Amino acid sequence: MSNNQTQTASAGAGASLFPTYARYPITLVKGEGSWLWDDAGNKYLDFMSGIAVTNLGHAPARIKEALVQQLDQLWHVSNLFHIPNQAEAAKLLTDNSCGDAVFFCNSGAEANEAAIKLARRYQQLVQKNGRYEIITFDQSFHGRTLATLTATGQAKVKEGFAPLPEGFKYIPLNDFAALEAAVSDKTAAIMLETVQAEGGIHPVDRDYIQKVAQLCEEQGILLIVDEIQTGMGRTGKLFAYEHFGIEPDIFTLAKGLGSGFPVGAMVAKEKLREGFTAGSHGSTFGGTPIATAVVKATLETIVGDDLSVRAAAQGDYLMAQLREKLAASSFVQEVRGLGLLVGIECAGPVADVVTEAQKRGLLVITAGPNVVRLLPNLLVTNEEIDEAVTILAELLTK
Ligand SMILES: *Cc1c(COP(=O)(O)O)cnc(C)c1O
């Protein structure tokens with residue numbers, strides 16, 4: 001800006017921002033539970049939860065209390081000191097998962113970046129086998145840093161960013177022959193989402209993922225599960241891998257981990273602990289006292305209140321209602337999902353369904369061009385589900 005007068009005008013539509021997001025013409029100013037209000041006073045039923053982030057609803061009292069208490073005490077000290085909240089949050093994660101060691105960061109992409117770095121470093125410096133290749137899947141989504149967009153199996157996120165890091169290979173999901181053909185003595189890890197979320201709500205086949213896990217075990221390949229969207233109770237288990245009878249060597253978290261406070265984590269099994277040593281990885285803001293106070297409160301709430309079980313029940317109710325009320329629609333092809341990660345696959349583009357739903361006071365998103373994605377919070381009530389289904393049935397059966 002060249003104007004030498006100090007500008008205090010309101011930002012409006014954001015002329016000073018990069019145009020990295022196609023924004024809806026809605027400005028949300030207040031949230032409570034499943035509900036949001038815009039600056040004109042309109043009320044919305046939130047069935048997207050900030051893209052699977054506000055799993056406990058908006059402004060959950062218990063998380064706010066933990067946050068405010070920590071804000072009164074200490075904000076930031078750096079990882080050159082012990083941070084009790086960080087150690088305690090890590091213990092909650094390892095006590096409630098197959099993992100043994102946690103690295104905290106600030107986003108999903110960073111968690112996956114840490115997983116990729118750990119997998120390579122473990123193979124190269126601990127196993128000393130020179131392996132570096134990471135196999136990922138078509139239609140996957142793993143983030144926007146250079147390594148994680150390279151891991152992502154979607155061409156559109158890579159456009160214009162060449163040269164990309166080496167050592168990534170892509171195969172179709174649920175095709176074991178393709179995996180066997182792709183594996184080599186260079187394969188360090190296989191990385192996947194148990195339910196591809198951004199890619200269109202595609203759960204992995206149980207038989208397939210079990211064979212993948214067995215192949216990894218036999219060949220010393222690390223299995224990395226991206227739980228960034230599926231984790232924190234959303235699918236009806238605390239972590240979605242629990243549905244499939246497998247244990248990943250590494251899994252990654254972000255989105256719902258902080259109930260809306262930005263935080264990510266990579267969790268790994270004991271053998272991987274020595275993959276990182278002091279100085280081999282780090283983050284200034286990783287696991288601050290504030291962030292990990294929120295993680296602790298979030299985990300205590302989800303685990304203590306059995307919210308995974310609740311998500312499973314509410315997800316079953318949501319899918320049953322959708323199947324019943326959308327049965328007459330020739331546009332709707334399939335309703336599928338796991339817990340409260342639900343997709344409505346349609347015969348054509350659904351962008352208009354999202355904007356029409358907004359006009360009727362319901363917030364939903366897409367997952368690929370033809371799938372309406374529903375991500376209500378884990379405390380969503382049957383009445384709220386009925387209200388959302390009524391609006392969707394109006395839009396999808398007309
Ligand atoms: C959102 C998401 C990411 C990226 O997380 P950011 O916090 O946006 O970096 C990675 N993987 C999956 C499966 C996601 O849903």
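Residue 1 is the first one shown; counting continues down the chain.
Cβ coordinates are placed from backbone N, Cα and C, and glycine is handled just like the others.
Keep in mind it's a predicted model, so treat the numbers as computed, not measured.
Features of the protein shown, as given by TrEMBL:
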{"type": "BINDING", "residues": "Gly108, Ala109, Phe141, Asp226, Glu227, Ile228, Gln229, Thr284", "note": "pyridoxal 5'-phosphate binding site"}
{"type": "BINDING", "residues": "Arg144, Ser283", "note": "N(2)-acetyl-L-ornithine binding site"}
{"type": "MOD_RES", "residues": "Lys255", "note": "N6-(pyridoxal phosphate)lysine"}
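Taking the Cα of Ser283 (N(2)-acetyl-L-ornithine binding site) as the reference point, the closest of the recorded positions Gly108, Phe141, Glu227, Gln229, Lys255 is Gly108. DSSP assigns Arg144 (N(2)-acetyl-L-ornithine binding site) to coil, not to a helix or a strand.
Of the listed binding-site residues Gln229, Ser283, Thr284, the Cβ environment within 10 Å is emptiest of other Cβ atoms at Thr284.
Filtering Gly108, Ala109, Ser283, Thr284 by Cβ distance to ligand 1 (under 6 A) retains the following binding-site residues: Gly108, Ala109.
Burial estimate for the recorded positions (Arg144, Lys255): highest at Lys255, by number of other CB atoms within 10 Å. Long-range Cβ neighbours of Glu227 (pyridoxal 5'-phosphate binding site) (same chain, at least 6 residues apart, Cβ-Cβ under 8 Å): Glu193, Thr194, Phe239, Ala240, Tyr241, Phe251, Thr252, Leu253. Of all the binding-site residues listed (Ala109, Ile228), Ala109 has the fewest other CB atoms within 10 A of its CB. In the three-state DSSP assignment, the secondary structure recorded for Asp226 (pyridoxal 5'-phosphate binding site) is strand. Cβ neighbours of Asp226 (pyridoxal 5'-phosphate binding site) (same chain, under 8 Å, six or more residues apart in sequence): Gly108, Asn112, Ala115, Ser140, His142, Met191, Leu192, Glu193, Phe251, Thr252. In terms of Cα spacing, the recorded positions Ile228, Gln229, Lys255, Thr284 all stay beyond 10 Å of Arg144 (N(2)-acetyl-L-ornithine binding site).
Within the same chain, the residues at least 6 positions away from Phe141 (pyridoxal 5'-phosphate binding site) whose Cβ sits under 8 Å from its Cβ are Thr152, Gln154, Val157, Glu193, Gln196, Ala197, Glu198, Gly199, listed in sequence order.
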